[in-house]
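See structure below.
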């Protein structure tokens with residue numbers, strides 16, 4: 001009897017355990033991979049979560065985002081918006097980057113998307129092509145406040161699907177060359193400037209590498225790493241007709257230059273995201289590449305604030321930096337489309353965009369607002385990020401970016417560890433990426 | 001006559017049945033809704049090329065399974081998962097058994113030790129992994145610092161393909177020992193003192209007592225711990241997910257089946273293929289468990 005009971009129990013446990021693996025892994029992965037991010041889900045602002053009544057007295061919108069660094073500043077904007085628009089409340093909900101998309105997908109599948117939320121170039125296709133987002137085209141046309149031509153075309157284009165505008169750019173980000181002033185001073189080298197070339201970078205890296213310190217950090221990272229160099233060398237990651245650019249000779253040449261820093265021992269081999277920041281914050285490497293979104297984290301870091309500054313990326317055959325921008329989108333099935341639009345309209349208006357820049361939340365995409373942002377940070381010469389916009393290249397994307405980006409990572413890995421030549425790895429990456437792109441709709 | 005008697009019996013039986021079903025109903029309902037139905041849905045899903053947001057699923061028959069068979073990464077994951085289980089399960093059970101026997105004896109501050117051993121079980125895996133990541137850090141980690149004091153070179157705990165899985169197994173062992181220990185401790189306390197007294201009179205020493213009394217009488221508890229540990233080990237995910245990115249050179253040597261399932265289902269939005277991977281995991285666990293159920297006749301002794 002006892003034995004039978006035990007075996008029954010075990011069978012049930014097997015079933016339960018296996019299936020709960022499917023069920024829970026989505027949600028149990030709650031904590032973010034990036035160390036410096038806030039708790040996975042954090043809601044700020046109004047304690048007033050009461051559902052709006054049919055009377056139309058008060059409407060509560062949810063505004064979902066993934067960057068806790070921006071949430072505080074945006075709360076200020078929300079507060080101001082609420083003051084001007086009595087009857088509309090906005091509740092900010094922050095979820096870490098990787099869980100954000102799991103959350104959003106579950107919301108889209110179950111019909112419970114947040115009213116207003118951030119969109120990204122990697123994901124826009126899926127949401128737009130499946131009608132998950134509210135088409136904003138007509139509303140933009142009729143709006144007095146939103147002028148699409150005040151935003152960089154590349155950015156508005158990301159969120160335009162089959163002629164319909166599904167999101168409005170909120171901000172943009174570029175990649176800068178961060179350098180350790182103290183280490184440069186010790187080596188009696190001049191600081192990097194906007195006229196630097198690849199040769200200058202190489203020479204400085206060489207001069208700075210000594211006593212167990214590295215001159216530069218060339219991490220295994222695309223957007224904050226080799227993508228920039230590929231475009232500086234006239235190479236490409238994805239061509240206009242959706243083919244991989246990894247077998248382009250210029251791309252390979254750029255990768256060789258980039259990986260050579262590791263081979264010559266001028267850069268440590270770094271793979272993880274948090275390890276990259278660590279290497280800078282511990283004075284292990286004198287130069288590194290980081291996006292403008294790291295700014296608040298770096299400003300808060302005592303060592304970085306004291307020793308570091310930022311310059312534009314060096315010039316290869318031409319100047320280039322990867323830039324990208326997220327957009328504000330509205331759910332297709334929001335209960336309050338008018339109120340949600342009012343909020344997005346405000347965020348995208350000249351007033352809202354300048355306010356965002358002034359508060360230092362992010363580099364506002366609106367024409368001229370970026371200068372406001374520059375003066376919000378006095379710790380570093382952040383103007384470099386804005387100066388680079390004129391030659392910035394949109395982060396390469398297609399309909400299934402998340403898939404082929406990872407495939408390319410896997411294929412390029414042996415080149416970074418030195419198990420394969422750069423040429424072989426890059427050609428392999430091109431092959432795998434093309435296979436993946438071929439299955440794209 | 002006979003009819004009346006049958007009636008009477010069935011009445012009391014019926015009553016018992018009603019109560020029986022009534023009492024297990026919450027569990028059964030929970031199981032069906034949360035487990036049995038999802039298993040069916042996962043199986044169903046594994047025959048489809050999933051569309052976005054649950055719309056436009058396309059029936060593809062066994063395509064996902066065919067792809068599975070030719071996917072190197074899946075077989076890496078099977079190997080890694082099994083290897084992880086082989087490293088974690090025996091080690092953790094042996095340590096847990098030793099700890100349980102010690103805790104069961106006369107020891108000062110027993111309950112304090114029990115608490116300490118159990119703490120890793122309560123801590124959130126994500127938080128635990130963050131702490132271990134710092135310990136393992138190549139340049140600034142405590143472990144490598146200790147090694148350097150001993151005159152040993154630094155070890156790339158999380159990026160060396162030959163070491164990373166061991167590092168993960170160490171965390172796995174560390175987290176599960178306390179839980180196994182509590183289960184074994186419960187088993188130990190079920191063993192009547194009489195057996196020990198009898199064997200002592202017969203002249204058995206401590207070690208012999210352990211072999212002929214403790215282990216056989218503990219075998220049901222050991223069996224339970226063994227089966228659940230293997231199942232748990234086969235599902236390893238959190239630690240690897242937290243510690244190993246796709247860029248990590250040790251990725252191929254550490255990726256587990258559940259991690260692969262997660263990546264395919266949620267990162268690449270290919271739920272059909274993800275489901276097929278989970279069905280493979282289910283099959284593997286089922287096979288291992290069936291073998292264990294058969295083998296238990298040989299070594300598990302129920303009192």
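Cβ from N, Cα, C; glycine included.
What you are looking at is a predicted structure, and each value in this text was computed from that prediction instead of being measured.
Listed in TrEMBL:
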type	residues	note
TRANSMEM	B:21-40	transmembrane segment
DOMAIN	B:78-292	domain 'ABC transmembrane type-1'
TRANSMEM	B:82-103	transmembrane segment
TRANSMEM	B:115-135	transmembrane segment
TRANSMEM	B:163-188	transmembrane segment
TRANSMEM	B:209-233	transmembrane segment
TRANSMEM	B:273-293	transmembrane segment
Contact ranking winner - B:21-40, B:115-135, B:163-188, B:209-233, B:273-293 against the transmembrane segment (B:82-103), Cβ under 8 Å: B:163-188
Same-chain residue ranges lying at least 6 outside the transmembrane segment (B:21-40) that approach it to Cβ under 8 Å: 282
Chain residues in Cβ proximity to the transmembrane segment (B:209-233) (below 8 Å; excluding those fewer than six residues from its ends, i.e. six or more beyond): 81, 84-85, 88-89, 92-93, 96-97, 101, 172, 176, 180, 183-184, 186-188, 190-191, 195-196, 199-200, 285, 288-289, 292, 296, 299-303
